[in-house]
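Chemist: Sending over a structure as structure tokens; questions will come in a sec.
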Amino acid sequence: MAVPHLSMLISKLQNLSTSDHSSVVSMNLFVALLLACIVIGHLLEENRWVNESITALLIGICTGVVILLISRGKSSHLLVFSEDLFFIYLLPPIIFNAGFQVKKKQFFVNFSTIVLFGAIGTLVSCTIISLGATQFFKKLDIGTLELGDFLAIGAIFAATDSVCTLQVLNQDETPLLYSLVFGEGVVNDATSVVLFNAIQSFDLTHLDSSIALHFLGNFFYLFFASTMLGVFAGLLSAYIIKKLYFARHSTDREVALMMLMAYLSYILAELFYLSGILTVFFCGIVMSHYTWHNVTESSRVTTKHAFATLSFVAEIFIFLYVGMDALDIEKWRFVSDSPGTSVAVSSILLGLLMLGRAAFIFPLSFLSNLAKKNQHEKISLRQQVIIWWAGLMRGAVSIALAYNQFTRSGHTQLRANAIMITSTITVVLVSTVVFGLMTKPLIRFLLPHSSKQTTSMLSSEPTTPKSIIIPLLGQDSVDDLVIQDIRRPASIRDLLTTPFNRHTVHRYWRKFDNAFMRPVFGGRGFVPFVPGSPTERNNNVQWQ
């Protein structure tokens, strides 16, 4: 009796070792592809058409073709797609680094417009896409789709790709466009995920006004609670590092505490069913304003590059996998008998996507311009066209939500579901490659002198982790920046022609920040009571 059991055990161990070996081989190949993407992306860095996300996408497609040929049509990717892999491990470092590196002044000056685009605009876009899909898809007879599926389609394709925006737009060359498009992308992603979760949780068979009010209240609660959780995590990290002064013993502890606190905020948000995207984004903003200035010079350099590197690798990982997953033979097998239907569905979705975005960008930009008195801060028609175009790209968030809605245990079991998965992949590929390729030339065509025009705007930007030179110049330079930032108007005419928030809200926030926040949480310009603190002013406190 022992011999059969022993043979079965040996067989299981052999299968296990084979499985482990194949996993190791797959990981090695994937890491090699990541390295290839970095090298090729570097060689094409100055190219006006191609960016690193498109490079990774194309390499993923080519790799998928090779794997298909080697496996004789059985598989096209090395790793199995997982929503957990994307939402828990890959997305947090990208969004956190974006908040950590963002120019805070430019972001908060345009905060009302960003929320207008990201929240109201997403609802408008979702509504148009859902209504359009309901009308057109029923005529195509793609299969059985319920009301919840059509609403989910609206939420899926309303999610812009903030990752690709980081690759296409430049924060230094076009600060206004970057601030609006990327800020909208962050709020948009959070809104799309909240919409998607609400669609799955509500009973859509009995629609009434109470459900709409409950949904609206739930959205505002999620937005506020997620933001406050991120702010709390950032302030807690600043207070701990300021009080305990970790670098007296080890700089590594400072870096580790910042990384783990940022990740903890994201995990806590997911645990309490909040928006982890908003939480980790605002955690990054608060850390860059307080925590980053409480650490040593070496920790500043380390955190700046560590966060940027993690974000960079995660971005390439996502686009590389999307490229390989686009050729997954299992999904395309369901639609092989009617390729025209799949092409028609993809074309309709692209058209609805463009229409839905135009339906809110231009009207909401008009409303935003009415509230701005300074002509230089209004969004011109050319800038509106760029904002509309740059936000058409769809990426991993759309794919992750589509997998959640239209697959069961990672597999498509119905023809309608398979068509929606393949159409989502097609839309992501076309929008990323075509719209992504054309964005840089479009900016240079519509705004040929944007880099020259923004030079003066960037000179008054407060210090951020994007630049580590200014904090080391001494306090006089920092004070000059602060004074320049909150200077009083010279005349009544200057006061009337200058935006309201620059001379009221921003100045009062500066006073509140200097009087209450920085004495508690540290930050730039604050002299702590702990001897040997990393922050300094007028050379009274020296680095240890």
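Each residue, glycine too, has its Cβ placed from N, Cα and C.
For 37-443, the entry in TrEMBL reads domain 'Cation/H+ exchanger transmembrane'. If you look up TrEMBL, you'll see 25-44, 56-73, 79-100, 107-130, 150-169, 176-199, 219-241, 275-293, 305-324, 344-364, 385-406, 418-438 marked as transmembrane segment.
Thinking about packing and proximity, how do these listed features fit into the structure?
Modeler: Within the chain, the transmembrane segment (56-73) has long-range Cβ neighbours (under 8 A, six or more residues past its boundaries) at 33, 36-37, 40-41, 315-316, 319-327, 329, 429, 432-433.
Under 8 Å from some Cβ of the transmembrane segment (107-130) lie the Cβ atoms of residues 150-151, 153-155, 157-158, 176, 179-180, 183-188, 190-192, 195, 219, 223, 285, 349, 352-353, 355-357, 359-361, 364-365, 367-368, 371, 377, 379, 387, 499, 501-502, 506, all in the same chain and six or more residues away from its ends.
Long-range contacts of the transmembrane segment (176-199) within its own chain (CB-CB distance under 8 A, at least 6 residues past either end) are made by residues 95, 98-99, 102-103, 106-107, 109-111, 113-115, 117-119, 121-123, 126, 148, 151-152, 154-156, 158-162, 165-166, 169-170, 215, 218-219, 222-223, 226, 273, 275, 277-278, 281, 377, 379, 383, 386-387, 390-391, 397, 401, 404-405, 443, 450, 454.
Beyond its flanks by at least six residues, the transmembrane segment (275-293) meets 87, 91-92, 95-102, 104, 107, 186-187, 189-190, 193-194, 222-223, 226-227, 229-231, 233-235, 237-238, 241, 258, 261-263, 265-269, 300, 303, 464-465, 471, 517-518, 521-524, 526, 535 of its own chain at Cβ-Cβ distances under 8 Å.
If you look at the transmembrane segment (305-324), the same-chain residues 6 or more away from its ends with a CB under 8 A from one of its CBs are 30, 33-34, 37-38, 41, 52-54, 56-64, 67, 76-79, 81, 86, 89-91, 93-94, 96-98, 100-101, 163-164, 166-167, 255, 259, 395-396, 399, 425, 428-429, 432, 465.
Only residues 6 or more beyond the boundaries of the transmembrane segment (344-364), in the same chain, are considered here, and those with a CB under 8 A from a CB of the stretch are 113, 116-117, 120-121, 124-129, 132-133, 136-137, 140, 142, 153, 157-158, 384, 387-388, 391-392, 394, 419-420, 422-424, 426-427, 430-431.
Long-range contacts of the transmembrane segment (418-438) within the same chain: residues 49-51, 53-54, 57-58, 61, 142-143, 145, 149, 153, 156-157, 161, 164, 167-168, 319, 322-323, 325-326, 331-335, 341-342, 345-346, 349-350, 353, 389-390, 392-395, 398-399, 402-403, 405-407, 412, each at least 6 residues beyond the stretch ends and with a Cβ under 8 Å from a Cβ of the stretch.
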Chemist: Of the listed stretches 25-44, 79-100, 219-241, which one has the most C-beta pairs under 8 A with the transmembrane segment (385-406)?
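Modeler: Stretch with the highest Cβ contact count: 79-100.
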